[in-house]
Amino acid sequence: MKDALTLHRALLEWEAVHEIVRLPIGIAHADELPKALGLPADRCLVTRVFACDDSVPGDPPDDGLTGDGGAPPRRCFLTGVIVRAGDRPSGEAVRRAMGARRVGPARADLVNAVTEYAAGLVCPLLLPESMPLLIDQRLVDGPPGPDVVYTPTGEPSTALGIRGHDLAALCQAKPVDLAAPADVPARMGGAGTGGAPARGGRPNTPGRRRPVG
């Protein structure tokens, strides 16, 4: 499983300024970061994981990710959504953003297996390329500055501190308006519309080193 040391090594390779912080109390979920760090919720980020299903009704059942018995894989995948601690995007907002037929919170065992992070403590870095990543547009539109944000590391005793704009650049998440009314399609930031946003390179890793400083 991935942990603080895994992240630290990757961030050193990417030459990204960061800090691994030891928490004064252990946490079971990223929503507990504000209390553990004594910081406002908008300085602490949570990656919520949703299971998306694009399969057509009547398709044979499978394990939730791949085809069954050698059949072609169904269009089922996990999506990560980066929000402030305590915020919970609706499944409908995620469904509209991804263009999926059905969306719901992913099972903990599936999150563990696919992300290799402990469920509830998922960091938005080093996620598999097959897992699209969204970020609340309000976080991207916030005031520019050197503010450090904190994310889980997969461990209950540590957190990752990194500048917000550096994290956004490294994780390659797609900004999306999660606050759009239900009858308005969720607006995707950047180029392209609908479907899973493509992320190049290795698992949510920049194609080349990205100096930060």
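One-based numbering along the chain as shown.
Positions of Cβ are set from backbone N, Cα and C atoms, glycine also.
Predicted automatically and left uncurated, TrEMBL annotations should be read as such.
Listed in TrEMBL:
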DOMAIN    81-168  domain 'YbaK/aminoacyl-tRNA synthetase-associated'
REGION    184-213  region 'Disordered'
COMPBIAS  189-198  compositional bias 'Gly residues'
Quiz item: DSSP helix, strand and coil counts for the domain 'YbaK/aminoacyl-tRNA synthetase-associated' (81-168)?
Solution: 25 helix, 23 strand, 40 coil
Quiz item: When the pLDDT values for the domain 'YbaK/aminoacyl-tRNA synthetase-associated' (81-168) are averaged, what is the result?
Solution: 94
